[in-house]
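Encoded as structure tokens, the structure appears first; notes follow it.
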Amino acid sequence: MKRGRLPSSSEDSDDNGSLSTTWSQNSRSQHRRSSCSRPEDRKPSEVFRTDLITAMKLHDSYQLNPDEYYVLADPWRQEWEKGVQVPVSPGTIPQPVARVVSEEKSLMFIRPKKYIVSSGSEPPELGYVDIRTLADSVCRYDLNDMDAAWLELTNEEFKEMGMPELDEYTMERVLEEFEQRCYDNMNHAIETEEGLGIEYDEYVVCDVCQSPDGEDGNEMVFCDKCNICVHQACYGILKVPEGSWLCRTCALGVQPKCLLCPKKGGAMKPTRSGTKWVHVSCALWIPEVSIGSPEKMEPITKVSHIPSSRWALVCSLCNEKFGASIQCSVKNCRTAFHVTCAFDRGLEMKTILAENDEVKFKSYCPKHSSHRKAEEGLGEGTAQENGAPECSPRDPLEPFAGLEQNREEAHRVSVRKQKLQQLEDEFYTFVNLLDVARALRLPEEVVDFLYQYWKLKRKVNFNKPLITPKKDEEDNLAKREQDVLFRRLQLFTHLRQDLERVMTDTDTL
């Protein structure tokens, strides 16, 4: 189909009268429709012109030059016959309006505080301050009246000697450096001394199984805070960490009491609730108690399964009715004693591995322990459990092996205490003047003056440190947080118990 090329619609209207007539008729019909549909008699803003489409159409036989028409290869669509939409009143068309807008000034973006995070390992961003670095840079020692008076007298001597005066901040820095170096070096010496006194002691035994032997994969591990010794398997240590190791109670900073015996300290693990603690040895030797995960040796479970008769037993060694006691394994012998009391007195406590890989625990009272040891020494084998007579709970230990062991343990403890006291009395030997002077870039004479004053002040204060160590402050803060969490846990536990009680009462009604 050919389409004619027309310069403009006005020329078509002048040259072809029929086209203008068609447009006028169409416009009148459009105006008539619009006037009928509108309540107000006004001209429409636009109409559809069909004359433009008619003027463009040419028959294929029409003779034109090739540059006067375009050939459309696309098929013709019927909706194109509706015409072209054109405006009727050009005055009603909105005129474009433009104006120059003033340049907006960019506002400074302020990052919300909740998105600001400071990490100790990463340097702070530009414009922000690392709180930890700022706290470490602040001097923790403050001068008191005595320090100020001594500083004034010392500065007068410095003037006479021709030395520069010493300011308060420098004095605080030097005294803080003395305290920090003394604390670090003394702790290292204490750990070394206590390590030599325990790890290389031939009498040291595991706190759980009381065995002094270790093997590959089941080494004996010492707590760096309370110095208890345990096997890896006995305490559930899957992998020995490099460096220091702390038991569960020391790691949490708590000193709980055992639920089953009156002994304080030792290798303890928590129950399922986490609020009560039990010695691992007590959990192993009391038959009703179990351990949730044998690999980790925690939590302690089934404490509620202990019968009331066992809770009512009185220990024959400490004479206390506290916790749950065990009884002698000899038939017809009912002597009761705590597990930890039996270990402290050196009673015979055996672990037997049965044929079906079942572990049996045998415990013997003081009388039967002495009989069995005497018979084993003479080569007569083990004692006959069925024929052994009943012993009284008040029978004393016949061979004083337990007392001798207690004396040796007390002697070792007293030796350690003497070493520790000697280290505390000689605290000033753990500070090197040259190292402090080089670290702070101060003259050795000034540091020596402060060193002598620091020694006198600590001796007057019974060798106590002048500032609290950072580690102790962190431990105190951690302990406070632990106490808060513990109180919350107790609150939630009581709340749950109350809800369960209400639910039970509701069900009964």
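Note: Cβ is positioned from N, Cα and C throughout, glycine not excepted.
If you look up Swiss-Prot, you'll see Lys114 marked as SUMO2 cross-link, on the strength of similarity to another entry. What Swiss-Prot records for Ser89 is phosphoserine, and it gives similarity to another entry as the kind of evidence. Sequence annotations record features per position, and here Swiss-Prot assigns phosphothreonine to Thr92. The region 'Interaction with KAT7/HBO1 and histones' annotation in Swiss-Prot covers 60-80. According to Swiss-Prot, the zinc finger annotation covers 203-253, 255-289, 313-369, on the basis of sequence analysis.
Listed recorded positions: Ser89, Thr92, Lys114. The one with the lowest count of other Cβ atoms within 10 Å of its Cβ is Lys114. Sorting the region 'Interaction with KAT7/HBO1 and histones' (60-80) by DSSP state (H, G, I as helix; E, B as strand; all else coil) yields 6 helix, 3 strand, 12 coil. When secondary structure is read from DSSP and collapsed to three states, Ser89 (phosphoserine) falls in the coil class.
For the zinc finger (255-289), the number of residues in each DSSP class (helix H, G, I; strand E, B; coil) is 6 helix, 10 strand, 19 coil. A separation of roughly 56 Å, to the nearest angstrom, links the Cα atoms of Thr92 (phosphothreonine) and Lys114 (SUMO2 cross-link).
Within the model, the zinc finger (203-253) carries an average pLDDT of 84. In the three-state DSSP reading, the residue listed as 'SUMO2 cross-link' counts as helix. Note: the Cα of the residue listed as 'phosphoserine' and the Cα of Lys114 (SUMO2 cross-link) are spaced 61 Å from each other. Secondary structure of the zinc finger (313-369) per DSSP (helix as H, G, I; strand as E, B; remaining residues coil): 10 helix, 14 strand, 33 coil. Assigned with DSSP, the residues of the zinc finger (203-253) fall into helix, strand and coil as follows: 9 helix, 8 strand, 34 coil.
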